[in-house]
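Each remark here refers to the structure printed beneath this line.
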């Protein structure tokens, strides 16, 4: 796909901050140009829907727009600890108590298993893409290549939402554990403004301060951040081992007598929210551009960190519910309060310290990941190209880091955790589902190579997989006791996947590392992610729809025209270069003949 334009200007400006760093495209150079662009919106929109990027464009062309290269300093060791640091802390120390008490009881461990399996399926999809397309854009870049510009933009907006909201949730929980460490209630450190709505009236200045410190750590250099992360993560793992061992010594099996007080529905409802605990792994995929050997290091780092994470989550969930009846679990600081309840008041300080360490690394890795997402999104001119600039000295995207963490701090200052967690899960599941779809498209459809017959068969089977998965989720949400619907929807999903496996030939094989059991694992990832979406409350979907509506307005007014102009400018540059090269060849041949 032609998707360049403005490259020379960006290189010339380095890290400047001028008008052209924000709206350099032709459509925004005058009001007349802009009005003309708006009139052409339908045709431009169709162009962006039908246009797909190329692996080579993402790897070479897009990277050049940052002016400077990111430094390749990371190994599998760094990626593994980045994955562990990104994930462990957010789920265990933020949401486990909340979900065990309100939705699933002791069966919260099953919720972690369900969300963990779904996350592992997504990890496989991300890993293949990250190895094949090792750039900072993560899922945004993958969707640009396989599903086109428009779907990539919708994903990009939700990626931004995912990271900003996720960081805000963890920053607010950081305050809760800090208060516990000092023998205070979280509200002692928050400012209550009754004039604001109930969900936005508990202002959190400590969360803002934490975001500011993380910002400084994230911009100084990725290798330095990695050292800080794995030292902090190792300390955190020691605390986790203490919690598991010490917790089991205070276990009471009577607390497991009512294992599923909220039924199977509660297990899946919690699983949808607890998916928040696994989102850190996609931040690791954005570091592919800074990895020394992506083909080896990314699979080890991503898959390895997810295995460690899932085991830790399940063991700690079991420990918590054995220590204390689920009705008495504290939703804000569950482990600290649980140790106090069994007479180990001193242990809560170890737990609080470990939680603070864990949430600090979650924030740090999230800050690194979200800045790299934003950088690649800006390289595509879907956001101002000023955000794509990479600092020559540090090799990090300072502009994107500061902007994203400022937004995180603002939301953390106002918004309660429950709203953040529900909204985040919708966005995350939506993106992971589309990455699985993109993986199937990558394997089964190659432009110019796949026959029309095979393409049409693939689209039919993919549509049936999506439709049957959606129908299963809707039936689950609407029918609490019935089972007849599943006898229709599940076989359709199964037979559609079988048909894709045996009736549609794969058009492309991965060069280095690939997802096993295609199409089964991507198809299962699609089904599970959509099913978990069906377990989320209606209000969260309303907020998600509002945010998507805002994204569409921005896209129609700005993003569409910026990317269209950039694509056309780059196409002209390529054509001019090709003509020049052809002219040079002709001249050389003439000289030889002479």
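Start at 1 and count along the chain as shown; that gives each residue its number.
Placement of Cβ uses the backbone N, Cα and C atoms for every residue, glycine included.
According to Swiss-Prot, the feature transmembrane segment maps to residues 298-318, out of the candidate ranges 46-66, 172-192, 298-318. Topology check against Swiss-Prot: residue 100 and residue 573 carry distinct topological domain names and occupy opposite sides of the membrane. Within the set 255, 399, Swiss-Prot records N-linked glycosylation site at 255. Looking at which of 150-170, 267-287, 349-369, 394-414, 458-478 has the most CB pairs under 8 Å to the transmembrane segment (544-564), the answer is the stretch 150-170. Across the fold, the C-alpha of residue 102 (N-linked glycosylation site) and the C-alpha of residue 255 (N-linked glycosylation site) stand 16 Å from each other. Here the topological domain 'Cytoplasmic' (505-511) has, by DSSP, the following mix of helix, strand and coil residues: 0 helix, 0 strand, 7 coil. Looking only at other Cβ atoms within 10 Å, the busiest spot among the glycosylation sites 102, 255 turns out to be 255. Residues 70-71, 73-74, 167-168, 171-172, 174-175, 178, 187, 189-193, 228, 287, 290, 360, 363-364, 367-368, 371, 391, 394-396, 398, 401-402, 405-406, 408-409, 412-414, 416 of the same chain sit 6 or more residues outside the transmembrane segment (202-222) yet have a Cβ under 8 Å from a Cβ within it.
At the 8 Å Cβ cutoff, the transmembrane segment (394-414) and the transmembrane segment (349-369) share at least 3 close pairs (sequence separation 6 or more) and count as touching. Annotation note: residue 102 (N-linked glycosylation site) sits in a helical segment as assigned by DSSP.
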